[in-house]
Amino acid sequence: MIGLACLVGVPLYYIVVNTVKTQEEMARSPLALPTKLFLDNYQRVFETVPLGRSFLNTLILTVASILAMLFVGSTAAYAMAMRASRFNRFFGALLLLGFIVPGQSTLIPLYRMLVDAELVDTLRGLVVIYTGGSIFVYFLIQGYISRLPFEIIEAARIDGAGPFQIYWRIVLPLIRPILATVGVFQTMWIWNDFITPSVFLSSPEKQTLVMQVYRSVGEFSTDWPGFMTMSVIVLIPMVVFFILTQRHIVNGLLAGSVKS
Amino acid sequence: MAPAETSTEVSAGAGRPPRIRWARARETSANQLFLVPVALVFVVLLVVPLTQTFYWSFTDFTGYSAEVKFVGLSNYGKVLTDPSMLAGLGFTLAFTIGSAVLITVVAIPLAVVLNKKFFARNFVRSVFFFPAIPSIAILGLVWGYILSPLGSGVLNSVLESLFHAGPYPWLSDATLARVSVIVVAVWGGAGWHAMLYLAYLQSIPSDYYEVATIDGASARQQFFHITLPLLTPAIVISNFLLMTGGLKVYDLPYTLTKGGPGFATYTITQSIITSGVAQGRYGLASALAVLFTIAVGIVAVAQLWVSRRIERRVL
């Protein structure tokens, strides 16, 4: 078993360990630990590729999109929970469409829409596109809300709290666990997404980290350690994020798979 | 929360003083306001573009000309005869089925083993799960270096130094390229799906295995007669995820091979993007998108139907 894990893990080890070796040492003993820490690769990558800029872009994009999605998804789930009228139930069923329809089938009209709105090739435009993910967020939150005790909300209502107060003061704090799970889940999607930025972004200074790696492949076509170093740098934020939120990720993966 | 609501609904109108009724009405409309954001998202990002796709699929729209002619079903006819689109369709189907079968065959035994107690279990689990964390696009690019068909590619140079074999055209031969893409997808997906199976395995009571052992069932028999049947719901979920994900595949083949050599690893999504966004063949791309939506829709509805039936049978 551990042998099999090594088979999967060795490529990873190989990549990481060779980023801190000289090209000559790498050729001589590819799997040995480095005799001396060699950081030129890292320095070279940071000099040739604007990774800091891309990191900021990705961060802004992810945070803004997640906030928008959580807002839209939680307000919708709240409204549905407060009032199960026939219209609302019908609308809820209609939203299932957002689950089934793949992003590719709306891609071309959305592209033209952003061109018309002069939002193409902007991070704002990308946030608009990602907000489409709120429908998925809505379904997960709605499932969670329906299992909460309704008495809490009834009590607040009798005490004279209006819908906005109930949403902000009572429901949002109560659904924090699912907000965290969904937020983490969607963060992984946006941070790692390739198709959306590759279609909607073109300016070099607006690229996300993933796109930056993709665009730099040509520059490192003969510089294997350089490319590996760049990949390792780009992977670090996601790995740190994973370690910090492991519990939520596994929950989210399972919730997402069971729900969809 | 839902059931309590219907009762207030009914009592809201009848037999109350007008003041309370009015307050109720105001509260109701305030509640409905909370649906506005999602309705906007739904209409602007889904209904409108979907209708446009559907409409364009019957026209010769190119994105520039103001004059748009209806061309009936001719776009659909072209989709089914255009060599690049057919290639995309073919590889996407091969990828979907190939990766789904292989991942299932690898992930179930992997989950069974990961469920046993052994040294450094959590670490080993993390290693297998790891490929699910970074972007598939980056994994594709890294594997592109590893599988590079040149003698300097990592795998080729390893094979050369160990067995004096190669260099093999991993990504430049049509069949090898297809196989490489699927193998990398299995490498990347097996751990994730094993975690899914693991979650279900942990809910199987250990008594079943104890009784079976006392009755003299071998490990093999236990696997085929206890584990596998009880994993059926997980197999269904995992495979439907693999099917819908497989039909939508784009990142991995694109970053690994760019769809090549030729159109060997071309995908439906790449077809839609290339012909729609880059070449302005909106009608054609839209027709393909409509067919694609229907295919994904059928898989999704089948998933709902099958998983409901399974739930009923298990409970």
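In case you wondered, yes, glycine gets a Cβ from its N, Cα and C as well.
Curation plays no part in TrEMBL annotations; they are all automatic predictions.
The annotation domain 'ABC transmembrane type-1' is assigned in TrEMBL to B:89-303.
Feature annotation from TrEMBL assigns transmembrane segment to B:33-55 (among others). Here the transmembrane segment (B:33-55) has Cβ contacts under 8 Å with residues 286, 289-290, 293 of the same chain, all six or more residues outside its ends.
Long-range Cβ contacts of the transmembrane segment (B:85-114) within its own chain (Cβ-Cβ under 8 Å, at least 6 residues beyond either end) map to 78-79, 121, 124-125, 128, 178, 181-182, 185-186, 189-191, 193-198, 201, 223, 227-228, 231, 235, 238-239, 242-243, 246-247, 249, 253, 259, 262-271, 275, 284, 288. Per TrEMBL, transmembrane segment is recorded for B:85-114 (among others).
The transmembrane segment annotation in TrEMBL covers B:126-146 (among others).
Under the heading transmembrane segment, TrEMBL lists B:179-201 (among others).
Residues annotated as transmembrane segment in TrEMBL: B:222-242 (among others).
Annotation comment: TrEMBL describes B:284-306 (among others) as transmembrane segment. Same-chain neighbours of the transmembrane segment (B:284-306): 50, 52-57, 61, 75-76, 78-79, 82, 85, 236, 240, 243-244, 247-248, 268, 271-272, 275-276, counting only residues six or more beyond its ends whose CB sits under 8 Å from a CB of the stretch.
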| note | For the transmembrane segment (B:126-146), the distant same-chain contacts (Cβ-Cβ under 8 Å, at least six residues beyond its ends) come to 110, 114, 153-155, 171, 180, 184, 187-192, 194-195, 251-257
